[in-house]
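A short write-up of the structure that comes next.
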Amino acid sequence: MEYEAVIGLEVHVELKTNAKAFCGCTTAFGGEPNTHVCPVCLGLPGVLPVINRQVVEFGLKTALALNCQVAPFCKFDRKNYYYPDLPKNYQISQYDLPLARGGHLKITVDGEERVIGITRVHMEEDAGKLIHVDGPDGGYSLVDYNRTGVPLLEIVSEPDLRSPAEARAYMEKLRAILQYLDVSDCKMEEGSLRCDANVSVRPRGSQAFGTKTEVKNLNSFRSLQRALEYEIERQVAILEGGGRVEQATMAWDENRGVTYVMRTKEEAQDYRYFPDPDLVPLEIDAAWIERVRRELPELPDARCRRLIDDYGLPAYDAGVITSSRDLADYFDRVVALYPDAKTVSNWIMGDFLRLLNAGNLEPRQSPVPPEEMAALLQLQKEGTISGKIAKQVLEEMFATGKGARQVVQEKGLVQISDAAALAQIVEEVLAANPGVVEDYRNGKDKALGFLVGQVMKVTKGKANPGLVNRLLKERL
Amino acid sequence: MDLHYLTAHELGDLLQRREVSAVEVTEAIIDRIEAVDGRVQAYLTRTAEQAFEQAKAIDAARARGEKPGPLAGVPMALKDNLCTEGIRTTCASRMLAGWVPPYDATVVRRLKAAGAVMLGKLNMDEFAMGSSTENSGFFPTRNPWDLERVPGGSSGGSVAAVAAGEACYALGSDTGGSIRQPASFCGVVGMKPTYGRVSRYGLVAFASSLDQIGPITRDVTDCALVLGVIAGHDPSDSTSADLPVPDYRAALRPEIKGLKIGVPREYFGAGMEPEVETVVRRAIARLEEMGAVCEETSLPHTEYALPAYYLVAPAEASSNLARYDGVGYGLRVPGKDIIAMYMNTRSQGFGPEVKRRIMLGTYALSSGYYDAYYLKALKVRTLIRRDFEAAFAKYDLLATPTAPTVAFRLGEKAGDPLAMYLSDLCTIPINMAGLPALSLPCGFSQGLPVGLQLIGKAFDEATLLRVAYAFEQTTEYHRRRPELGVA
């Protein structure tokens, strides 16, 4: 039998507000343990939370960008459970009245566009971090509360995803949108973007849902895809063996590449949700929503459309360039100075991204600013350097941070376009290769290419190829 | 002159005229504490050294010609669930026996700014759960009028201290009557302001939607003065109301002619001691003689207030008290793993009443029971609020007994939680509705004080104070002091 997967994602996004969700402490990542804390985020006796308006603002932006309906009235609830890094032993979250519901986003996988539903977007606070230390008596654990109270958005999708590749594409698209909105730095390695995946399988064509499992805390695109692949295979194997999938919460072991059971349905938590009496409900009026809507930046889909319509870029190029706001911003700045979009796109998708990846850099960290990228392309267009030399120059610019003209000058890479100087070299090459000259004259056109190559070799690639061609033809 | 039995405004006048110094006053009251606290047992923590420093600073300020407010240099004390920076705050629980907060509650900051001299922290029922101060994790406080009787609870230490001359005034907290019921038992003035009138920031939470901090004083003028200092919006408490605070002292006029007072019949039900009822009815008759129009009325959902309260308050408490787990601060009792550590810590740290309420609340919130208990209680709460809204469409305020009885004997109800819960019968509905109410001495029964409860419209503390003041002007009850066997 053929099976299909049904996947829904719960994505947690750390917001990069200046202050924590319910107090004034910094949200900066890292820091000496327990230095970014105050009585409120430590949950000391007697303290009260007060919602940070910027958290709501960022939540609104995200909800609107995901085409959600914002609730005019929402409230905060307590989710009660014991955990040593949760200072109050309840988490402030939203339960039955979340910030927003009912949105969607579009993904494209293998050329097919799919619309994935967003069930809800709600606000909550993050917990702290446990550090486990081995010791002679079985070890001990330390708690770092720096992260407690950092604002999170939870974005829950409908079970509309059908494959690990789609789940990954959804997550990547979501990250791009969040980056465009500038509400999160989306650093998965620092935990600022992470997700839980609900997954079940069913015979293809069936409408009923199978029993699902929830795979917790996937913190890279790679683990998301691998964990889902593994879990789907595991479930299919159970069904094919005539078994039944048990409803369970699973964890992903990155090293062994397997999922394992954390707890089963019987051990399910009772969170005893109830409205947090310390926080007054939030009323979000239409004017506030409208203002945020007006201030939304251009989002990936719109920007992609614009690159296709305004610059005539192929859809593939536009998709790659707009997958990251950083990259798209870089592209726009280069094109503004060097308005040949397809050339810019080729360079950015090619050598530029390759060099960035090699240095593990984001576009905004590029040692080559957009102005210098444009200057480089200009040098090539003017004929000062050849395309091949331009690649060398770009590598040098990445390595040294120097400008395009500076590199060309210092390395003496200016193209030789002086006909008199080249004529001399052409003479020498012809004299040194009488056999090839003979071949050419006998009609072997390919021989010309060899001779051009020889001239290039002598000039270390600096000879203007057009001029070399012309000179050679004249002499032959 | 017995400085320790003067009211805050009387002391304030003496201090302002520089007839006494703040240091002298402080000394007199600390002497009084030395003399009687061995028997009353109101204090959990005394801070004489800091008190003298604060007193000296106030004296110095006056010497420089500054004119600090009327409460500057007047010694007071706080219920031990109000956080005080650098001074241990225990909630009378072994769980927090050694805990020293790194911050001051908003009310404490405001009192300090007003020049208050703080004598220490006062005993209470553990985490404010109880009606007799017998549930303190350390020792019970006694009623200064009769040391064999309870002072009431849970602000029993605060009220006993004020009644016994061990503090000029005190702050308590009132979740279901914890200021008013003991004020009634000990013959002092105690007020629960409107929910949201006083910031709860720094009040160790029992039931967040019901808790409110309020003054405990020897007369109504002091109540007005203290409320004026602690009331007002606080950005650190999102439930605190952003409303102007009237000049409460200026509102005290002995004029109540034409005022409409409702007397809800449900508050004179079964369990009421006949003599208490007689005293309260006589007080209401006096208000009538003074020109108020008193009329019997009905708050039909009153009988459901107590059961609904015992779902809502424990539900919130079960969540609020979850943080006492031995991880970050307070008591930790080791165990073989983290779950055992939690269980050992909470088993040994909390007393029986606290455990009882945590279990009740956990049950009421658990899935499958939430709708039947917690949600139902919230609906009842709405009905109770509507009862009051309907009544206040007709009346300016309501008058009732504060408690159905006078102070009972130590141990008399300690083994019977349900009997104990009934002593807050008249006060609980007011917390459920978030309204302001005040208890003031209105007579004696069996030689023990009886309190009259006045209930006001939301944020209309001024009317309550005015009526209470007018009543007080015509009586001497508030001037009587317990004997305690010393001058």
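Yeah, the Cβs are placed from backbone N, Cα and C, and that goes for glycine too.
If you look up TrEMBL, you'll see B:Lys79 (among others) marked as active site, charge relay system. Around B:Lys79 (active site, charge relay system), the same-chain residues six or more apart in sequence whose CB sits under 8 Å from its CB are B:Lys121, B:Leu122, B:Met124, B:Ala128, B:Ser155, B:Gly157, B:Ser158, B:Ala170, B:Leu171, B:Gly172, B:Ser173, listed in sequence order.
Every protein chain shown contributes to the tally, and the Cβ of B:Ser154 (active site, charge relay system) ends up with 37 other Cβ atoms within 10 Å. According to TrEMBL, the feature active site, charge relay system maps to B:Ser154 (among others).
Here TrEMBL flags B:Ser178 as active site, acyl-ester intermediate. Neighbour count (other Cβ atoms within 10 Å of the Cβ, all protein chains): 37 for B:Ser178 (active site, acyl-ester intermediate).
As annotated by TrEMBL, domain 'Amidase' applies to B:24-465. Averaged over the domain 'Amidase' (B:24-465), the predicted model reaches a pLDDT of 97.
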B:Ser178 (active site, acyl-ester intermediate) sits from B:Ser154 (active site, charge relay system) (Cα to Cα, rounded, in Å) at a distance of 5
